[in-house]
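Report on one structure; see the data block that follows.
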Amino acid sequence: PNVWTDVLFLVAVRHVKVKPRCAVLTMLKRLDKIRFRGPRTRDDFPDLAESPPASDNECSDDVQPKLTSGLDLLWAGSGSPTMAAAIQEFQRSESDRLNEVKGHLEIALLEKHFLQEELRKLREETNVDSLRQELERERTKRLDLEQKMNEVLKSRLEDSPPQPPRKQHSRLQKWLYERFGVYIEDFRFQPEESTVETEEPLSAKRLTENMRRLKRGARPVTNFLRNLSALSNWHSVYTSAIAFIIYMNAAWHGWAIPMLLFLAILRLSLNYLIARGWRIQWSIVPEVSEPMEPPKEDLTVSEKFQLVLDVAQKAQNLFGKMSDVLEKIKNLFMWVQPESTRKLYICLWMAFITSCVLPYKLMGFMMGLYAGIKFFIIDFLFKSCPKLRDKYDTPHIVWNSLPTDPQLKERTNATMSRRVQPVVSRGSLATVPCGVSREEETGRSHSTKKGAFHEIFNLSEIERPLAVCENGWRCCLINRDRKMPTDYIRNGVLYVTENYLCFESSSSRSSSSKKNKVIKLVDITDIQKYKVLSVLPGSGMGISIATPSTQKPLVFGAMIHRDEAFEAIFTQYMKIMTTSKPPASAEL
């Protein structure tokens, strides 16, 4: 009996072990099917509370009877309490596993529900259905239009009678298009595309680079023109004599133009050989040596700033010269100066009549001879004798007499001032008392912003500013003998009279102030141009004046028109020193 009891117990345990393994695997498979299944609602699944704790359909049918019979035999054959406790613990662990599987299933169903809600919201936001409907409508419209077009084309083909000659004509057109269609397409008119070029911002480095590029690009042209000028000026007598003889001989026999064309071809051939690596230094026109500038390396800040200023100055002068040439040409053709334009008008009429009367061969012969004589002889005489050129060189005289637009503006302003001046002079003469000269009256009437000129500087009424500095030069006086900042630098205006150099301080409150400075021109021991700050580029904007009364020279700095003021002061100083006359009635 014990042996049979053990056998029955082993059979029962075997069957009991099979059931939970099958149940767990079955539940996991169902969970995977739910996770990866297509869109289905929650109603398709049975409620978790109503579902049985284990699946009876997934396992085989013979498992349940075997398990039942095994348990019955077990309970019947053995009544030990340890076996019953083991079976209960096994059933408890099986229920825990089933509860865990139920929890995973609930989580999967909740995730599915949330994903369906998000999908529904996305569909509502994007309106995919409406877009699909519109796309279908457009497709149907396109199909309808294609069907109508096919019907129209078929009806036209049926109505039109057959025309075989027309087919031959179309074949001819096709052949012509295949042969000459490429050339015909070139003559098709197309609207021009307006392209807007992007402008680069202002840059000192870019400006300097562009000026250097312009200089390098214009160097061959300038060198050629300079060499031609040297040939015309007989810089090398033998070369100019040989060129003159060859040119006049060619012009006499009517070979001037072929000779020039041959020289151009020869120059181009030499350039080709030079580009191929040949070292050829021969030139048709004699070359004139140009002074080479030393290369500049490791420039300081001031030198770089000065380089930018030089480039800007060159650009300014270049644009000014180009503007002068263009304005003179415009004024020549617009009869701004009738005398010059009349000469051109007469010359054009004479050339027109001569071209109508004389044959072309004779005209070419005369023009060639005149060009050779003008280039080699007349220009040489005019350049060597400037007075002769100013009298008889008609093109030079006409070109120099042509005005530019700024000159025309100055002439207009001058004529307007001449018209207004007599009226003013008549009114001023009526108020001048008898016995007073014109100069005394103008000196008395001249005044500054703070009062009469002679009252501000305690001078006689005869002293007045020169015409060059009637309004004065704005500057600052640097008195290096003073240590106080208020006395060291003063802003004001500088005047020059016949005998004095006067500085009016802008900070003086009264008409006659101690801050104003008056210097006799006779007392000046030294005058020179001065640079206040040596760090800045350029020659400076100051004037240094030394007198016996000052230990260090006085400096008038920050003068925009420094050169003009220096010339006026130095000229008046030299005039006073040469005459050696004391100043008239000075009141200091």
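Glycine residues also receive a Cβ, built from the backbone N, Cα and C atoms like all the rest.
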Of 42-62, 147-167, the range TrEMBL labels region 'Disordered': 42-62
Check the coiled coil (105-155) for me and report the mean pLDDT. 84
Residues of the same chain, at least six outside the transmembrane segment (254-274), with any C-beta under 8 angstroms of its C-beta? 246-247, 280, 282, 284, 361, 364-365, 368, 371-372
